[in-house]
Amino acid sequence: MNGRKLAWSFVFAFRGLVWTLHTQQNMRIHGVATFVAVGLLAWLRPPLWQTAWIVLSIFLVLAGEALNSALEAAVDRIGKEQHPLSGAAKDAAAGAVLLLALQALIAGMVVFGPPLWKVFEPLWFGLGL
Ligand SMILES: Nc1ncnc2c1ncn2[C@@H]1O[C@H](COP(=O)(O)OP(=O)(O)OP(=O)(O)O)[C@@H](O)[C@H]1O
């Protein structure tokens, strides 16, 4: 592969990500979640392995959503008519994203839960909770 072709492949990949952001509401939701997670990382500065877990989770969810969007587009390109296999393919891909998102939620709770609890603990007790 020559350098020019390699550079174009990055452009196409980036264009694919921009397309998912424009067309997929779920990708935009994951984008917002990414900003929140990065903000919490910058604020709470967890240990390196926990930071790595969160960063990995972010990339896994975004990559999963991009693949899900690709599969949806491919299924729709094959045929827009209703078919059990088309539905099953889309459902299975959505299930994969759900699993990745659940994993990210667990990572967020394990990494950010205890320090956030510490920060807001005085507030809970101040409110008599
Ligand atoms: N061609 C089809 N044949 C049968 N069932 C389908 C077909 N297309 C979609 N479905 C069903 O409808 C669900 C929603 O499909 P849709 O294409 O709207 O994707 P989505 O999950 O809403 O994603 P998004 O809103 O991000 O595009 C699928 O998960 C599937 O169960």
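Backbone N, Cα and C define each Cβ position, glycine as well.
Per TrEMBL, the feature transmembrane segment maps to 29-46, 52-71, 92-117. Annotated substrate binding site per TrEMBL: Glu65, in sequence order. TrEMBL lists Glu65 with the feature active site, proton acceptor. Annotated ATP binding site per TrEMBL: Glu72, Glu81, Gln82, His83, Lys90, Asp91, in sequence order. For Glu72, the entry in TrEMBL reads divalent metal cation binding site.
For Glu72 (ATP binding site) paired with the residue listed as 'substrate binding site', the C-alpha to C-alpha distance reads 10 Å. Comparing local CB density within 10 A for the binding-site residues His83, Lys90, the maximum falls on Lys90. The Cβ neighbour count for Glu72 (ATP binding site), using a 10 Å radius and every protein chain shown, is 18.
When secondary structure is read from DSSP and collapsed to three states, Glu72 (ATP binding site) falls in the helix class.
With a CB cut-off of under 6 A applied against ligand 1, the binding-site residues Glu65, Gln82, Lys90 are reduced to Gln82, Lys90.
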